Amino acid sequence: MIRRLATGDWFTSRTSACGLFSVAYPRVSPAIKAELRNLFRTLCRDDTPMVRRAAASKLGEFAKVFEADFLRDELLQMFMDLASDEQDSVRLLAVEACISIAALLTEEQRKELIKPVLINLIEDKSWRVRYMVAEKFTDIQSAVGKDITINELLPAFSSLLKDMEGEVRSAAAAKIQAFCAALPAIGREKAILTHVLPVVKELVSDPNQHVKTALASVVMGLAPILGKDLTMEHLLPIYLTLLRDETAEVRLNIISSLDKVNEVIGASQLSQSLLPSIVELAEDGKWRVRLAIVDFMPLLAAQLGQEFFDEKLLPLCMAWLTDHVYAIREAATGILKQLTEKFGADWAMKQVVPKVTALASDTNYLHRMACLFCFNTLCEALGADYTVKEIFPVVQQLSDDHVPNVRFNVAKTLLRIGHT
């Protein structure tokens, strides 16, 4: 069947044949194996680009069942043909084959045979090929070993981060953390400071927002790799710049990863450096950015302590109860419950409940609803005594509200109080 498909007149049959070689090859005699190798070699040189693409996409699978004796003389020649194909759609598929083949070779063979082809792919004239290299960069790094990584991939990675095409820069930027983490431990910091960080500092002001978004999603992960001192010196300025970026997704990605930096430099230092930006973002025009800040509050509270939190951040939490976006109001009630569990019911009665109670007489019915939502979550953390004494009278007062939706939520809150 493979012979019939591989030599068929229609390119579709020859394309279909490519996926069958790796399945059949280990199960046939040496003579048939030789024929299969010749057939696959012919498909790699087929006149139709679609067939060559199919061969390139399946070469890695075929390589895994190849005998070592034929790897160098036969398989590598097929790979080199595909990697230098005139069609970029074929060359980009050779990138994945490169990963599979490199894993099967010795260190010396990789240096001699794979390295030159890999360099050509990294420097390919087609941005789509360079994009595929950037997309698969950490897989390539794992396959080629530490010597080629240090000598060839480090400079190449910097080159991809500076690529003229935004899609390539974006794909490379998304791999920064994983690439740096996989560098050999000896000399890792120097390599990052020399080859990666200078380019990262340029990417912070990249005109392409997708590049900055990709960078913001991973750059916080460099903090555990570089340690406290280097994070303070090199990374904090980058974080501050990205926190103020005009693109909401960039700001959101930085906020969502603040815990990684917190683990390295501590919340005290983090708050001194980033708190002004965090406070600014708490009132950001994009609600998802505000929501990310809301979710970050328990971590800040745990690290900064009650006194600092009450002074700097509690007003923000209370303001979120009247946010015009429901998701923010809902998240704020959950945060206040967590804070009550951390700081205690007495703290909540002094700092939170009076402000929430004031919402019960607000002219905006949504704010009165927010009061009920908050009590709904707080009553469990406050305990039965405080709930009956302080919360119940306020809820009872709202039972006569002229808005049906408020009265409906009064009933739901009373049910929760009854279970406390």
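Just so it is clear, glycine is given a Cβ too, placed from its N, Cα and C backbone atoms.
Here is what TrEMBL says about this protein:
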- 33-135: domain 'Phosphatase 2A Regulatory Subunit A helical' (DOMAIN)
- 36-74: repeat 'HEAT' (REPEAT)
- 75-113: repeat 'HEAT' (REPEAT)
- 114-152: repeat 'HEAT' (REPEAT)
- 153-190: repeat 'HEAT' (REPEAT)
- 196-234: repeat 'HEAT' (REPEAT)
- 235-273: repeat 'HEAT' (REPEAT)
- 238-342: domain 'Phosphatase 2A Regulatory Subunit A helical' (DOMAIN)
- 274-312: repeat 'HEAT' (REPEAT)
- 313-351: repeat 'HEAT' (REPEAT)
- 352-390: repeat 'HEAT' (REPEAT)
- 391-420: repeat 'HEAT' (REPEAT)
Per-residue pLDDT averaged over the repeat 'HEAT' (114-152), given as an integer: 92
Chain residues in Cβ proximity to the repeat 'HEAT' (196-234) (below 8 Å; excluding those fewer than six residues from its ends, i.e. six or more beyond): 157-158, 161-162, 166-167, 169-171, 173-181, 188-189, 241-242, 245, 247, 249-251, 253-254, 257-258, 260-261, 263-265, 269, 273
Outside the repeat 'HEAT' (153-190), six or more residues from its ends: residues with CB under 8 Å to it: 119, 122-123, 127, 130-131, 133-135, 137-138, 140-142, 144, 146, 196, 198-200, 202-203, 206, 208, 210-211, 213-215, 217-219, 221-222, 225-227, 230
